[in-house]
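Colleague: Not my notes, these are from TrEMBL:
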type: SIGNAL; residues: 1-20; note: signal peptide
type: COILED; residues: 30-119; note: coiled coil
type: CARBOHYD; residues: ASN123; note: N-linked glycosylation site
type: DISULFID; residues: CYS201-CYS207; note: disulfide bond
type: BINDING; residues: TYR273, ARG577; note: chloride binding site
type: DISULFID; residues: CYS402-CYS423; note: disulfide bond
type: BINDING; residues: HIS436, HIS440, GLU464; note: Zn(2+) 2 binding site
type: BINDING; residues: HIS436, HIS440, GLU464; note: Zn(2+) 1 binding site
type: ACT_SITE; residues: HIS568; note: active site, proton donor 1
type: DISULFID; residues: CYS593-CYS605; note: disulfide bond
Amino acid sequence: MWNVWKIWLCFGAVLLSCSGYTWPLPDQLSAAQQRELKELQEDVETEISDICCNNGLKRCCVETKKSLAERKIEEWKELIDSLKELKSTPDEEKAMKWLEEYNEELRQRQAKSAEANWAQSTNITDENAAKVVDVTMELTKWSLKKMEEGKKFDTSGFSDDVKRQFGMITKSGSSSDEEKTRKVAEIGTELEKIYSTSTACLPSGTCLKLDPDLEGILAKSRDYDRLTWAWLSWRDAVGPPMKDKYAEWVALMNEGAQENGYADKGVIWRGAYEMPNDTLEEMVDGVWEKVKPLYTQLHAYVRRKLSETYGEDKVLTTGHIPAHLFGNMWAQQWNNIYDIVVPFPDQPAIDVSDTMVEQGYDPLRMFKTAEAFFVSIGLRPMPQTFWDKSMITRPDDREVVCHGSAWDFYHLPGDTDVRIKMCTKVNQEDLQTIHHEMGHIEYFLTYEDQKTLYRGGANPGFHEAVGDTIALSVNTPGHLKKIGLLQNIEGNQGTEFQINELLKMALSKVAFLPFGLLIDKWRWRVFSGDITPDKFNTEWWNLRMKYQGIKPPVERTDEDFDPGAKYHIPSGTPYIRYFFSFVAQFQFQQALCEEAGHDGPLHTCDIYQSKKAGAKLKNMLSMGESKPWPEAMKAITGQDKLDPSAILKYFEPLEKWLREQNKNEELGWE
């Protein structure tokens, strides 16, 4: 765009200089546009000087005047018309009318995009993939066009709300090159297809899917070699086909970001948090340093227990832990090895999976149970369309993306369409996941009256934290007893029971924190160029060893692409939101428990049936993305920052116990 203007203004300036005319229309432009025009004038006069100075400007004008008048008259008219179009629109009412039309068209286009992506995620075919590419192209082209229109408004005197909307519209990381935009979309669908359809095959010829087959092996097997096979086979199946495609995708994403004035795509991703001077990484690093001592204690305790289980020849009691022994394909959460690390085995266990099966739970009943919790605190029941259109079990007749997700189809209020896609299994972990995904749905429903631009979380981490906050109540023994899933626990249990339950929760919540941090630390460095394709895998493992204290169970090289084994890498989903949410959910819970009048340790709080707590949560949810996240945080917690003090308070009894257990251990792994 800049170069085009320079060409037009060069033609115009030469012609006007020859005719004795001054620069056009300055009194019809805003102050900002006048400044821009002056800068353009200076650039063009420099160009004229460079071209004509050797012969003198007058001679140059005489020689070029006739040809310009004859051959460039239409171009000169176009310049005048374009200058008129550049006139700012200081009238806020006109801007608000434009925004109203923009928001409605955006809603319709987002709905169309959601439908196309839903079709592909619930029925993976080449035809559906092509439709996703087409609709992504349409939305991108439209967004770029509206971005340019939006830039014509001088928003300096507008209200904060109108300024905020224009700020959101005029930020883009998409390329204006249609072929590049299409290529980004095509690569994205190819990467997701590789992830969702890959299998690992046994020598017998039987091929296993990630979910439930390979994940099941990692969760339940205690055979070191079988765990190694499952861990390695998944990475070998998905990584190599992805590596070059992913590198191309990164390059194209960066080109789009740079075209729009950003250093790289990572800057845009971090921009979603509206942190001054791009200080998001500094903020999360500060939070990590405060919770790292708790993680280090947990790591040392688990390392000792794994060494006792598998032998010190496989797991040393110092240094890094092999990554395939945590009961999870990515070692992101360790709750599946609770049976190995349980502190007091004689205490009653709080795993209601078997009870759910005995009581005839099926996926539908699990979803109804989650709905009942949200309704009990005053939030909305799921609309009928939710039950009609959601995919809550894996279909037998087609390939699908099983990774659980919540979907907003940008309905109009009163014409609600929200859905969950999930291959539900009857167990306590999936019951918790359902509450998480339904938390997204409640967020969608609560901010549905907001403008389309504001139909989002205060930041991406807020959306993730809502359902997990509810799950903190759902997983308490008190709540499970209330809903009839726990029958062998009477009264207030003693210290050993409490330590067991806190450790189980820490295996999910505390163990996750460094993983939630490092995923985007890796991608930010990939986007910035600090990590190049030939070092993708080496740097991936450097970060995993540094932050998690784990190592690959077998040698890995840069011919491998182990990041691709985690869904959020091929899907291009930013991940720092999860680190944010795993800290924020404890802040939310602490505030809601205070509102509910809870008296006791934070880890025993259940806000079930508290309308007061629900009202406080609903107030924050209704804000959507209309305000910067610190304001939304303050609305629910009274604080305007991400503060780890609540999560540390929650696990304080456990940390004290772990320190005693680890007094003779060598802490850390460096």
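Placement of Cβ uses the backbone N, Cα and C atoms for every residue, glycine included.
Just so you know, TrEMBL annotations never went through curation; they're auto-generated.
Map the listed features onto the structure and describe their local environment.
Modeller: Cβ contacts within 10 Å of ASN123 (N-linked glycosylation site), excluding its own Cβ and spanning all protein chains shown: 16.
Taking the Cβ of ARG577 (chloride binding site) as centre and 10 Å as the limit, one finds 24 other Cβ atoms among all the protein chains shown.
For CYS423 (disulfide bond), the same-chain residues that are 6 or more apart in sequence and have a Cβ closer than 8 Å to its Cβ are ASP211, PRO212, THR393, ARG394, VAL400, CYS402, GLY404.
HIS436 (Zn(2+) 2 binding site): 22 other CB atoms within 10 A of its CB, across all protein chains.
Taking Cβ-Cβ distances under 8 Å and a sequence separation of 6 or more, the neighbours of CYS605 (disulfide bond) in its chain are LEU472, SER473, THR476, GLN589, CYS593, ALA596, HIS598.
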Colleague: Among the recorded positions listed here (HIS440, HIS568), identify the one with the smallest other-Cβ count within 10 Å.
Modeller: HIS568
Colleague: Cβ-Cβ under 8 Å from TYR273 (chloride binding site), same chain, 6 or more residues apart: which ones?
Modeller: LEU280, ASN459, PRO460, GLY461, PHE580, TRP629
Colleague: Of all the recorded positions given, namely ASN123, CYS201, CYS207, HIS568, ARG577, which is spatially nearest to HIS440 (Zn(2+) 2 binding site) at the Cα level?
Modeller: ARG577
Colleague: Roughly how many Å separate the Cα of GLU464 (Zn(2+) 2 binding site) from that of HIS568 (active site, proton donor 1), to the nearest whole number?
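Modeller: Cα-Cα distance, GLU464 (Zn(2+) 2 binding site) to HIS568 (active site, proton donor 1): 14 Å.
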Colleague: Can you grab the distance from CYS201 (disulfide bond) over to HIS568 (active site, proton donor 1)? Cα atoms, rounded to a whole Å.
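Modeller: Rounded to a whole number, the Cα-Cα distance is 24 Å.
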Colleague: From the recorded positions ASN123, CYS207, HIS568, ARG577, pick the residue whose C-alpha lies nearest to the C-alpha of HIS436 (Zn(2+) 2 binding site).
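Modeller: Considering only the listed recorded positions, the nearest one is ARG577.
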Colleague: Compare the Cα of ARG577 (chloride binding site) against each of the recorded positions ASN123, CYS207, HIS568 and report the nearest.
Modeller: HIS568
Colleague: Express the distance between the Cα positions of CYS207 (disulfide bond) and ASN123 (N-linked glycosylation site) as a whole number of Å.
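Modeller: Here the two Cα atoms are 20 Å apart.
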